[in-house]
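Asker: Can you read through this structure? Questions will come right after.
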Amino acid sequence: MTLIDGSKIAATIVAELKAEVAALTGRKPCIALVRIGEDPASVSYVKNKERTAAEIGLTGRVILPPVTISQAELFALIDGLNADAGVDGILVQAPMPKHLDELQVFRRIAPEKDVDGLGTMNLGKVAQDDDTGFVSCTPAGIMELLSRSGVDLKGKHVVVVGRSLLVGKPVALLALQKKAGANGTVTICHSATKDLPAITRQADVLIAAIGRAGFVTADMVKPGVVVIDVGINRVPDSTKKSGYRLVGDVDFPAVSPLASQITPVPGGVGPMTVAMLMKNTVKAYRLRQHRAG
């Protein structure tokens, strides 16, 4: 079994971006990070994104509107960022307060600044194999992990467990694309799938993104499978100062001996998500420069 070290691969991507940004003349790429409320995970995620942006040499502009902000007020804020020539990418951190419609918020971001890749236009471009759009960061990170770990999906059965807008649907589309590293045969499983283990045991590459701790067990995989564990779940652990530890959707101790390659949690997909956000921001900057002539 080989561990796919997402932290190491993400650090390589950050170093590549740092060199690319250092060579730019004039204004540096800028990402606006909008966080609404004090959800502990969101606070941590945004700080991490701000820190990584600074490490690369990007400008990270953190915006903290009140938790009571209305949909109309948030739209006005986004419209202002859309019109701001000094902003290349916009991310509104999810989850948002319940009174806000997240899907409408994602759609409000201008497609050319939608570096989180969750708007309608960019999701559509993924379906069309159009490289001018932005791929949502976790699916993009998964594909990058596979590529840099020597896993070519051509001719392989890729089973995705989970059908979310954030991971399941876009990663399935990416695995299907007619391009190098992709061309997989894809099955998507979800809560209504019958005899799930019979399907997951067919997987050459298994992507688990269901949000349930230890859901994928040893009897659900075949020997030699490549496992990408997207889940980040908190489980009680009295030995930890925080009172919990992070585990994935895969029962790592049981499944890892059967896998040819597997991502850990933490340190697998998570670091890649931030790295790909930064990569998308630099791409947005370059596309805008190109359009400006």
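Keep in mind that glycine also has a Cβ here, set from the backbone N, Cα and C atoms.
Pulled these from Swiss-Prot:
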- GLY162, ARG163, SER164, SER191, ILE232: NADP(+) binding site (BINDING)
Asker: Among GLY162, ARG163, SER164, SER191, ILE232, which the record lists as binding NADP(+), how far apart in Å are the two most distant Cα atoms?
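Answerer: Value for the max Cα separation, rounded to a whole number: 18 Å.
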Asker: Around SER191 (NADP(+) binding site), how many other C-beta atoms are within 10 angstroms of its C-beta?
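Answerer: SER191 (NADP(+) binding site): 8 neighbouring Cβ atoms within 10 Å.
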Asker: Considering the binding-site residues GLY162, ARG163, which residue's Cβ sits among the greatest number of other Cβ atoms within 10 Å?
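Answerer: For the binding-site residues GLY162, ARG163, the Cβ with the most other Cβ atoms within 10 Å is GLY162.
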Asker: When you measure from the Cβ of ILE232 (NADP(+) binding site), how many other Cβ atoms are you left with inside 10 Å?
Answerer: 17
